[in-house]
Amino acid sequence: MEQPHLAYRAFCQSREAAGQWRQLHAVQPLPRGRVLRDGVELINFSSNNYMGLADHPLLKQRAMAWTEQWGTGAQASRLVCGDLEPFARIEARLVAGKGCEAALVLNAGYQANSSVIPALLDKRVLGGEPLVFSDRLNHASMHHGVQLAGVRQLRYRHGDLDHLERLLKRHAGEKVAKFILSETVFSMDGDRIDVGGLIALKQRYGAFLYLDEAHATGVLGPDGFGLAAAYPGQVDLVMGTFSKGLGGFGAYVTCSHALRAYLINRAGGFIYSTALPPGVLGAMDAALELLPQMGEVRARVLAGAQRVRAALRAAGLDTGNSSTPIIPVMVGDEQRTLALSEGLRAEGLLGIAIRPPTVPEGTSRLRLSLSAAHSDEDWSLLAAAVPRCLREING
């Protein structure tokens, strides 16, 4: 019985020796985009709270009100007796905002991708093994979903639709189901995909298009409902989350009525999971209610991100192709990236170093993210501090 434990310890030791050791740090969220981390108050430039909704009074009030009305837990999966009345209300809001036929609320983003994707790729249902064309930098949960299905991925270069089309052409004669999988905003790079271009390829080659809008929901697209909302009815399935721009927790998919019915009967993560608690649903509902009223907030955050990027680029830093509140500062070397993160911490700023295996070798970076909870002065402070800290590291 000791052998597995020895193997686990050896794994941890190898990660630590490689400088890739991860550990938890207790935090306490504070108002105005601040956080107490290891007892130190920092301006938080590492969260996904893009719209500042995680501390919004309406979300907190509705979460408490729905907890009072329906209790602290759903008590069962939705298929058993946990399909509480609020689910239909939230799904109706999603349908209206996304311009789709149907919606289905799920428990979390990782769970959604890792259970919905295998359901879609089921070889027994499709009558054979499908072809999956996946952006190389898709989220780990999407790659995991394909692996669970036991299907081989054809990975195209990140954001390169010409490369994707060459792959689609090469396999055009194969009489099997074809799937294109992509995020719309990439979580570690902050860049956007050409949704219209993906739709054109989907239509040209008869493929099923699956888009992950986790980091676009709340921030981009019509009324903040994501980039795919500008193309109603043209994407087969859109996945998104409530845990980032919407300030809460949970996930959703939008699709056709027929596909929703299929997932209810086939997606294991939906079938076998206890439904989300009423308090979480209350925060979801409030966020969706607020979204159409938040155009000025979205514009401010995007404009602030553009100013910070411009300042960093003017200082000679590489921020990739970011066009969202996610701003990577590409460093490359892991130890220098960690040193930059520590330098910012000494100045009262939280910017987390992102290293392999989260990102490819040689692309370690600081992943910065802006929030509507920040002031313009916070953003100016960040734009000045990053180049200064990096100069000190470089000597």
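Each residue, glycine too, has its Cβ placed from N, Cα and C.
Record note: Swiss-Prot gives G109, Y110, D212, E213, A214, H215, T241, F242, S243, K244 as pyridoxal 5'-phosphate-binding, and the candidate from S134, S187, S256 in that site is S187. Here Swiss-Prot has H139, T358 binding substrate, and the candidate from R22, R32, R34 in that same listed site is R22.
For G109 (pyridoxal 5'-phosphate binding site), the nearest of the binding-site residues by C-alpha distance turns out to be H139; the candidates were R22, H139, T358. Counting in whole angstrom, E213 (pyridoxal 5'-phosphate binding site) lies 11 from H139 (substrate binding site) by their C-alpha atoms. Here the binding residues for substrate are R22, H139, T358. Their largest Cα to Cα distance works out to 19 Å. On the backbone, the CA of R22 (substrate binding site) and the CA of S187 (pyridoxal 5'-phosphate binding site) stand 19 Å apart. Between the C-alpha atoms of K244 (pyridoxal 5'-phosphate binding site) and T358 (substrate binding site), the distance comes to 18 Å. Each of the binding-site residues S187, T358 was scored by the other Cβ atoms within 10 Å of its Cβ; the lowest score goes to T358. H139 (substrate binding site) and S187 (pyridoxal 5'-phosphate binding site) have their C-alpha atoms 8 Å apart, to the nearest angstrom.
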